[in-house]
Amino acid sequence: MLRFSLLLIHCLSIVLVQSRFNSTIEYFDENLSDKNKWAILVAGSNGFYNYRHQADVCHAYHVLRSKGIKPEHIITMMYDDIAHNKMNPFRGKIFNDYSHRDWYKGVVIDYKGKKVNSETFLKVLKGDQSAGGKVLKSGKNDDVFIYFTDHGAPGLIAFPDDELYAKRFMATLKYLHRHKRYSRLVIYIEACESGSMFQGLLPSNLNIYATTAASPTESSYATFCDDPKIVACLADLYSYDWIVDSQTHQLTRRTLDQQYREVKRETNLSHVQRYGDTNMGKLHVGEFQGSRNKDSPENDEPPMKVNHT
């Protein structure tokens, strides 16, 4: 518990308390419908000061749904202590920027409270029914997208009461590959020192494409931290950038590398990294996040545009 407390202090100390906000069209496989796509969305923290992590996941959930991913193929893990928290002046709602668009409504949470831990996460990945809820049931013809947001430190990412170490995560990914639990896998991680989860560990022959919010030796940053009524940051910089990029593009015409380059450019307070099979960068984002040619969720307004300063 002492390790986890020190980890929180480390990451909280670097939260950014300020506001910000010729592509080549590659081949998109129209034969793979959205029924072949799975997504796992994880907010690994708890506590109102970590508001942004659950906000990121809620926003991402609605974007994936709007792009055609079936709800039964999206697995969410979040503590669920923000929307109805006594510190939340907008009870029952979660925002991801100053527009105060509610992203909490309609999100199906599969694992909440104490079930948000590294053991359950790994069981979900392996399809282990002892997880006690929805698990990944993908096979050799399915594409999988994993998004994780929380605190981190060199060689680990955090959950509310424990940590997931890079080597154990990598062993699980190799297990999935060995047992043909996916065709192709994309992983996005938002955390301090998140590059350390893959650097020198993720080989290029597992059909895995990963990007991280930061290098192995630097912090990642929060944003939308000056809301006059909410005493917490509303989003993470890297997370908001990729989610909005997906929200505002037709993903059958947006490659993974195009999204990576744009997010890297916009996330100017840390160095967004890329790992694994970089040849997968030619694939379209829609093959992992949904192929419906819809620019944004139902009844949505354009996302906020703010300066990166």
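The chain as shown is numbered from 1 upward.
Yeah, the Cβs are placed from backbone N, Cα and C, and that goes for glycine too.
TrEMBL does not curate its annotations; it predicts them automatically.
Note that the structure is predicted; figures quoted are calculated from it, not measured.
Among the features that TrEMBL reports, active site is placed at H151. In the three-state DSSP scheme, H151 (active site) falls into the coil class.
Under the DSSP three-state reduction, C192 (active site, nucleophile) is assigned to coil, being neither helix nor strand. The annotation active site, nucleophile is assigned in TrEMBL to C192.
The annotation region 'Disordered' is assigned in TrEMBL to 282-309.
What TrEMBL records for 1-19 is signal peptide.
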Practice problem: Measure the Cβ-based neighbour count of C192 (active site, nucleophile), defined as the other Cβ atoms within 10 Å of its Cβ. | Solution: 26
Practice problem: Determine the Cβ neighbour count for H151 (active site): the number of other Cβ atoms within 10 Å of its Cβ. | Solution: 27
